[in-house]
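Student: Annotations per TrEMBL:
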SIGNAL    1-21  signal peptide
DOMAIN    139-232  domain 'Ig-like'
TRANSMEM  250-270  transmembrane segment
COMPBIAS  282-308  compositional bias 'Basic and acidic residues'
REGION    282-320  region 'Disordered'
Amino acid sequence: MAVTVVLFVIAYCSTFEVAAGDGTVSVKCPRVIHGTIGEETVIRCPVKAPSDVRLKDLNWKAPDSRVYILGHSSVDQGKGGRFEVGWDKDKMEVWLGMSNTQMADEGDYKCFVRTDSGYVGDDEGCGVNLKVTARYTVPTIWSVPQKNLEEDMTVTMYCMAEKGYPRGTIHWFDQYGTNWTSSAIMTVEQTTGRWFKLMSTFTVLRASSSSSFYRCKVIGGNGQEEGTAELSLMFREPAKSTQKWSNNSIAAIVVVTGSVSTGILLLLLLKRRRPRYDEVHEAVPEHGEENEKDDAEREMRDEMKENEGGTACMENATGM
Ligand SMILES: *[C@@H]1O[C@H](CO)[C@@H](O)[C@H](O)[C@H]1NC(C)=O
């Protein structure tokens, strides 16, 4: 009796092995599949088998070792009935669907397919690694101090995004597109439920109002850009101080400046005249000098007379 049982087991197992080994049935799952938290994820694995193949068993083993079996209703499939097992004969694929994908669903899923033409286990490619991602919240950006910045002031900017998975990163750019990421410091916090919270701190030692625009970008765990936030540093507005001057005071200034400049002009005129007056006084000739002056005048008059005669001679000369 014991012998027949053993023989039966060997026979049973060997028929499976032959069927699996002859290559009539094969399953090719993708190695990695990405699911998004809160959304539906379906793992699909194409099956290669004769077209008239009949599926006898299909089950999936989840990372938590639960087994989901074809033919059992979704409600029976555990975790609040989120899982469903299927076989699509037209597409020739086996699948495992899960609604409301959760972080805990991440890991290796193994399938087992038994048909009338052979069977395939996870050793033969019936397995998938599920990676779960969660999109980060739209980042928030702010500066300290927040406003009334002065030129050359040291300003620290912050950029924060949370509820993402897996770990992502934050990049910084200025208005010219210069990448400042390497000057920033990022801290990563893993909150309850395995979510990540990213916070990046970027300090500008000498802020300038001519380059006041900054942008931070959140790169999700899968390397995709997930969100951007922009900030224009708020400098103290110089326009406000000029507005303090009322029209009346401007008019008063004009009047005052006008009278001051008139005064200066008058002073300048007097100054120009006074030296002349002084010169005249200083130059009051002494007696001898006056005589010399008279002599000089007489000489000049004589010379002029001579010249008159001279020119006449010259005219005569040219007439010759
Ligand atoms: C910016 O710099 C960071 C690190 O320095 C780098 O990882 C990233 O790819 C850069 N981004 C761009 C758009 O150049």
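The backbone N, Cα and C atoms fix where each Cβ goes, glycine too.
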Student: Determine the mean pLDDT over the domain 'Ig-like' (139-232), rounding to the nearest whole number.
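Tutor: The average pLDDT of the model in the domain 'Ig-like' (139-232) works out to 95.
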Student: By DSSP assignment, list the helix, strand and coil residue numbers for the domain 'Ig-like' (139-232), in that order.
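Tutor: For the domain 'Ig-like' (139-232), the helix, strand and coil counts are 6 helix, 54 strand, 34 coil.
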